[in-house]
Amino acid sequence: MVERAEITGLVLAGGQGSRLGGVDKGLQMYRGQPLARTALERLSPQVGRVMLSANRHLDDYARWGVLVWPDPADLAGYQGPLAGFLSGLQHAETPYLVTVPCDCPQFPADLVARLAEAMHDGVDLVLARTDAGPEPAFCLMRRSLAADLRRYLESGERKVGRWMAQLRRAEVTFDDPAAFFNINTPDDLAR
Ligand SMILES: Nc1nc2c(ncn2[C@@H]2O[C@H](COP(=O)(O)OP(=O)(O)OP(=O)(O)O)[C@@H](O)[C@H]2O)c(=O)[nH]1
Ligand SMILES: [Mg+2]
């Protein structure tokens, strides 16, 4: 079991938003508030501190009073969520990092507590899942994975599932798939 204070929360808002026409998804308004801000508000009470991963409009995000980290310089150009994971692992000052995507505004209020219960000796990474499958953007991991992830990315790999498959991992099943409703298209945003 890991204590809340030992966990840094990272909101992933560093994507290209190509299915939304290339906009910065984290800044898109949803129910009167930018998506990334909703994610930060939902995550903050669940962790010791929060940070945000972004590659555009860094000043706009920083204005909310949150630490903002771009992807590592040698991984610039939207190389995928693992680049954001690595930046978070490198900047976290706690032994654990938990990630959430910016585009999933209803994620469970007990997400981190439940992932933390499954973090034991011999486990490096804990993923959320539903009956529909894993939700790899919701991931609690040891900060010590930074070196392994850096090597993986330096080898040219980018796939999230492949990186996770070679680690000692646990999964926590959440009953309500609606909590993982994810905004990818203009239709999703309008709904
Ligand atoms: N830091 C970082 N995060 C990313 C990157 N690509 C995707 N993400 C994040 O990973 C999460 C899931 O990504 P997607 O739902 O595919 O979002 P997206 O890549 O912005 O959107 P599409 O371009 O339409 O695929 C979102 O929270 C994104 O912000 C990246 O290159 N760097
Ligand atoms: Mg994408």
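Cβ atoms here come from the backbone N, Cα and C positions, even for glycine.
Sequence-distant neighbours of K25 (GTP binding site) (same chain, six or more apart, CB under 8 Å from its CB) are A13, G15, G17, L35, A36, C102, D103, I183, listed in sequence order. Look at TrEMBL and you will find L12, A13, G14, K25, D71, D103 tagged as GTP binding site.
Around the Cβ of D103 (GTP binding site), 25 further Cβ atoms fall within 10 Å across all displayed protein chains. Among the features that TrEMBL reports, Mg(2+) binding site is placed at D103.
For 9-167, the entry in TrEMBL reads domain 'MobA-like NTP transferase'.
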Quick one: what's DSSP say for A13 (GTP binding site), helix, strand or coil?
strand
